[in-house]
Structures are given as structure tokens and as C-alpha cells.
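Peer 1: Before I ask anything, let me first share the structure, which is written out below as C-alpha cells.
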Amino acid sequence: MAQSGRLRQSAVDVPERRLSKDGLTGCTPSSFPRHSPCKTQPPGDEMGVMDKSADDDLRCGLGSWHPPWLQRLLSKKTYMLAYGVTGMCYFTLSSYFTATVNTMEKQFKISSRTSGIISGAWDMGSLVSVLFIGYFGVKGNKMRIIGVGSLLVATSCFIRLLPHALYGPGSDVLELTYEHWTGDSLLNITNVSNLGLPVCGSPELSTDCTEATSTVSVPAIIMYVAQFIQGIGCSVYWTLGLTYLDDNITKDKAPLAHATTQCIRLLGPTLGFTFAAYTLSKFVDPTLTPRIDNTDPRWIGAWWLGWAPLGGVVVFLSWIMLLFPRQLPRTASRRAERLKQSIVIPPATSKNFFLAIRHLLSNRILVYNSFSAVFFIFGNVGYWIFMPKYMETMYQQTSSRASLISGAIGLTSAGLGLIASGVVMTRYKPRPRLVASWNVIVEVLDALCKFGWIFLDCGDRHLQGSWGENNTWNLTAQCNSHCECGPDVKFSPVCSLERDASFYSPCHAGCNSTMQFANGTRLFNNCSCIPSGIATDGPCTVDCATNFTIFLVSQCIISFLGASGKAGNILIQIRCVHEDDKPLAIAFSEFLVCALAFIPAPIVFGLVLDSACLVWGETCGSSGNCWLYDDQKLRYLLNLLGSGLMLVGVILDIGVCYYAKDLQMYDEEEANVKRNSVPFDDPAAVEFLRRNSPRT
């Protein structure tokens, strides 16, 4: 639970700053309203923090504890490592949730629309907090705020354990275990008409609704609250954490530094998907013995197993972040330089907050780039959240294998793309317009690739049934009409012995008896809808290796290309504003993307998936999760919507490319601009510039 600050950054214009004839820094009317550079303030009283405790603000520790051995770790490299690992852990949480959400849908009978709302709760938490954190948080101790935010994230991990602790596996899942099954698996062959399976004429075709309750929605509410809390905690990291990093590195080294931390973070999706593949391969209740394996679509893996250890890791990282000082030496030197130039930042008030926001709205680069990010991310959210489900549905992959493949692709391709972009940006220092143009090219290729996925299918699944009234899939046919298979029949797919027809359940195949072998294999006999009269347990498999390979290769390529533009995109954003405005600029872009992309997109794509559903699971008249999808409809809707939205983002990125021509991205550029802005017939100004120009 993937994202603007997480995956995409925006840019804003640079306030034009010049030297006045009295040697002090002045501003043109285009400067940020938060700054009053023509005012002065007594040295040593900046922001009310320069007092006798200022020395503690530069030392590692917590409270009065500042051991000497800890100070040896105080460096920008240490922070880069801590910042990157913390982000990696956050990405691990997001990808673990994405990989397990489909399993939670099946266990708690949640629709894709509802799971989309749950996914959007993370961004709802960011939405209500990110702007205030970006503006007011810069006045406080950034690292303390980041540490507290990490503790909130850890709390959300432990909250996710509650659904399993309160409700357990559920009665439907327990029936899939030997401990809660009435059949005798010790016999070599058991030939009976009813072993608790939905065969034709069995009493299991009807459901007892006298004990039905409304608690099915409680797990969804719990997960929503957990996601919301996590969104608040993560918003601190994306705004203040990035600012703290950029404050302590030189501009010419920034591309490689940002690419390095991003590369560390991108280990997170691989860890999350790999960890999910492991937990989902375990049965939801490890103390029980399941009668099915993880290739069966009814399999429920131990989705809850990873949240406790992940929460413990986040608690540890939160204490690491709390140990960092208020500012590193480079930040302190920059603030001292600002005092020499008599630049004062007005206090953080509501009035100044809205003035700063109004100024951001008048910035062309910010508007174009932020809304481009909105459309780009909106078009990709469906893939980030529902990619494991897409692989399961379209290419018949197991949930654990789909999670593992998604993670491996994310690490290999995106990691290489980030490293390549960081090296190129650091060594060759491409111009801003060239950087923005590369983003346009990459997004065009990404949109075309997703459009091409429309034509990657696995052929006819041979699901028996026909379109009925109200555009619904009718599973009842003449051959099974006497079985009276109602809507409450549980999903138990079977395949004809000829491997040419799949049925929703043995009842829909017209089978009235079962043979159970000692090794767990089941055959269904006397099936009136099958010429041979015999069906095997599980759906019919389809050979889809070629198209699935093409899908994976194309995904690797676009992941690499997409990541190659990230370092430059971040640099455009944070170099286009005054250093004290970076948190607000990041928060503003994050706010727009959360409000217009991350929150509505999961709901929209959830509705898209639900609209492609053929057969819903029902219990006592209430719809649960979708068991079978219309492959062609799902393929067209998802990929057309995604690629179309991305093309709109491309048009807006062309505007970014046009207006980014004069942005200043590197230290030497800043020095040259200052030299060019000094009237050379003013010796005092020249001498001031000579003493105060940044050294490269």
C-alpha cells in the first residue's frame, strides 16, 4: 500500500532570490509568502530554539541520554540507511496487505468493492494529516515526530490480528479440515452418497440461517481502522523524512542519495510478497490438517501470521529514528548561513498556512505535475492492489505463487531502474527539461504496454452455464435441474474426467455420489451433466505458460523504465522550492494524490472487478466474495481504464516538461545564478557573495 510520496513526486517553481545593495538577501514578489527575507531577527534566537540546549539538538540520543559511542554513528550515511530501511518496512506492510487481501475476502466474504474501500483507508489517514504535518511539523523536532508516526504504524499491525483472534477460521473453513469432517479417510475407498459435500440431493445444499449474524462486516471495519492509523503514521515519513534527508546532503549528490534510499525501500515489496507467499502456503489454522492443498481455490492461507513480527520490526525502527538529533551538522550550518543573511520564517499560523497553499495553487509546474501524478497513480492502483488476484484469475496462479512472482519482479526491475537513474543523474546532471521529457516517454510506453495486456488471455475455461436474465450467469441447466442446487451451495469446483468442462460444484455437475481415496483424492460418480459420468475434484487446468511469460517479461520492462524516472522526478520537486518549503510542497502533492487517486481508485477498480463477476458466493441471501470472473470482461475493463488514465497523465506531463526549462537543480547552478544576479559595480555586494557562496 504502494503511492504520490511512495512512488511519484511533484515539482514547484523556485522563488527568485537576489542580493540587495545593502548586502542582504531580498525577494521578488514571486517568493513564497512564508518567507520575510527583508526582516531581521536577533542572532541566536531563530525559531526560539537556539538556547543552551542547542548542543543537544546536534547529538544522538533521547532525553538526557547521549552516550559518546552513539555519537560515532552520527552521519548522513547512517540516516540514509535508517530512512531507507524504515521505508522498506512500510513497503513490506503495503505489499503484504496487497498479497493477502484476496484471502481475507474469501474468509470473511468481503467483496472487491469493500476491500478497495479498506485499501483506501491508508490514504484517507494521510489525507487528513499530511498537510498539517508538512506545514507545522517543520517547526518541531522532525525525528521525534517520525518516531511517533512509526509507533502508530506498529499499532496498526497489531490491530490487524483482531479479526483472526475474534472469529478464527470460520465454520466454512473448518469443514475443509479432517478434524471437523465426518468422512472416514482411513478407508481405501469410501463410496457413499454424502460426505458433507454439495452433491446432488444432499442436505448440505440448504443453509441453516437461524444462526446467521451481521458480524461479517466487523473484520472489515477493524481492517479499515488499522489502515487509517497506518496512513497517519506513514504520512510523517513521506514528508518530514524526505526533508530531513535532503537538508543534509549536497545538491550534486542528491540524485544518487535519493536513488539509493529508494532502492533500499524497493526491497520492501519483495520481502512483503515473499513473506506473504510463505504465510499463505500455511493453512489459516496451523493446528488443523486441511483436506485440500493450496492449489484449490477454496484454500485459506494464514494471512494473519505476518502482522505480529512486522509490527515488532516497526517498533524497533521507531526507536532508531527517535535517537537521531533535531538536525545534523549540515542543517545547522545552513541555518547559520540563513541567520547571516537575516532571513526570517514567520511563525506557523493558520493565516500563513493558507497563504502558502494559495501560492502553491498559482504554480504551473506544481499543478501540472501533481495532476499528472493523480492520473498516473489512479491508472496503476488497480494493478498494485489487485495484481495477485489478476494473476490468480487470468493465469490460474496460486495466491502464494502470484505473491512471490509480484515481489520478485518489483525487486529486480525497479531496483535496477533506480540505480541506473541515480548514477546517470549524479554523473551527467541532465537538464530539467530532459528529465521531464524522459518521464513522458516512460509513461507512454507504460500505457501502451498495459493496453497490450488486453490481448493476453488463456482461452476458454469451459465453465458450464449460460447468460440468463439481468446479464447474470445461470448455472442451472436441464441436466442438473432435478438437483435443486440453490444459491447457497458452496463453491467446490469439479472437472469432467475428459478435462473439457468445469462446474461450480458437484451438484451443478449432477453428481450424486463420491469416492474418497486414502490419499485424499476424490472422484464424483453418476454425474448427469458429464458423458463419462465421472468428475475429479478441483477446476480444470488451462495451459497458459506462454502468455503468462509474455506478461511477466513486459511487466519487468515497464517496471525498470518507470523506476528510471523516479530520481529525477524527486529532484525536480525538492529543488524547486526554498528548503523550508519542501515539507509543505511534498505534503501538498501527497494531499492531492491521496484525495484524487489513492482513495477513490481502489473503490473504482473494486467496482470494475465486481462488475466482471460471474458467480457470487451467497449465504442466507447475502452476497459475499466473487468466486468466478468473466475473464474477457475483466481483461478489457481493467486494462483499458488503466492505460486511458495514464495517457491523460502524459498530456499533463508535457506541460511539466514545457515549464521546467529554467529550474535550478544542482549546486553549481545556484552559485552561477547568484553571481549573475549581483550588480558588479557594487563592491560590497561582490565581497558578500564571495564570502557566502556555497562551496562545491
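In case you wondered, yes, glycine gets a Cβ from its N, Cα and C as well.
According to TrEMBL, the record shows the following:
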{"type": "REGION", "residues": "1-50", "note": "region 'Disordered'"}
{"type": "TRANSMEM", "residues": "79-97", "note": "transmembrane segment"}
{"type": "TRANSMEM", "residues": "117-138", "note": "transmembrane segment"}
{"type": "TRANSMEM", "residues": "145-167", "note": "transmembrane segment"}
{"type": "TRANSMEM", "residues": "221-245", "note": "transmembrane segment"}
{"type": "TRANSMEM", "residues": "266-284", "note": "transmembrane segment"}
{"type": "TRANSMEM", "residues": "304-324", "note": "transmembrane segment"}
{"type": "TRANSMEM", "residues": "365-385", "note": "transmembrane segment"}
{"type": "TRANSMEM", "residues": "405-424", "note": "transmembrane segment"}
{"type": "DOMAIN", "residues": "473-531", "note": "domain 'Kazal-like'"}
{"type": "TRANSMEM", "residues": "591-617", "note": "transmembrane segment"}
{"type": "TRANSMEM", "residues": "637-660", "note": "transmembrane segment"}
Peer 1: Using a Cβ distance cut-off of under 8 Å, indicate which of 266-284, 304-324, 591-617, 637-660 has the most pairs with the transmembrane segment (117-138).
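Peer 2: Ranking 266-284, 304-324, 591-617, 637-660 by Cβ pairs under 8 Å to the transmembrane segment (117-138) puts 591-617 first.
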Peer 1: What stretch in 266-284, 304-324, 591-617, 637-660 has the biggest tally of Cβ pairs under 8 Å against the transmembrane segment (145-167)?
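Peer 2: Comparing 266-284, 304-324, 591-617, 637-660: 304-324 has the most Cβ pairs near the transmembrane segment (145-167).
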Peer 1: Quick check for me: are there 3+ Cβ pairs below 8 Å between the transmembrane segment (266-284) and the transmembrane segment (79-97), leaving out pairs under 6 residues apart?
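Peer 2: Checked: the transmembrane segment (266-284) vs the transmembrane segment (79-97), in contact.
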Peer 1: For the transmembrane segment (304-324) and the transmembrane segment (79-97), check the count of CB pairs under 8 Å (sequence separation 6 or more) and say whether it reaches 3 or more.
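Peer 2: Answer yes, regions in contact.
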Peer 1: Quick test of the contact rule: Cβ under 8 Å, at least six residues beyond the ends. What residues does that give for the transmembrane segment (79-97)?
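Peer 2: Residues 1-3, 6, 119, 122, 150, 153, 157, 227, 230, 234, 237, 241, 244-245, 248, 257, 260-273, 275-276, 306-307, 310, 313-314, 317, 320-321, 324, 328, 406-407, 410 contact the transmembrane segment (79-97) from elsewhere in the chain.
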Peer 1: Take the C-beta pairs under 8 A between the transmembrane segment (637-660) and each of 221-245, 365-385, 591-617. Which stretch has the highest count?
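Peer 2: Most contacts with the transmembrane segment (637-660): 365-385.
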Peer 1: Across the domain 'Kazal-like' (473-531), what are the DSSP residue counts per state (helix, strand, coil)?
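Peer 2: Within the domain 'Kazal-like' (473-531) the tally stands at 3 helix, 16 strand, 40 coil.
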Peer 1: On the 0 to 100 pLDDT scale, where does the domain 'Kazal-like' (473-531) sit on average?
Peer 2: 80
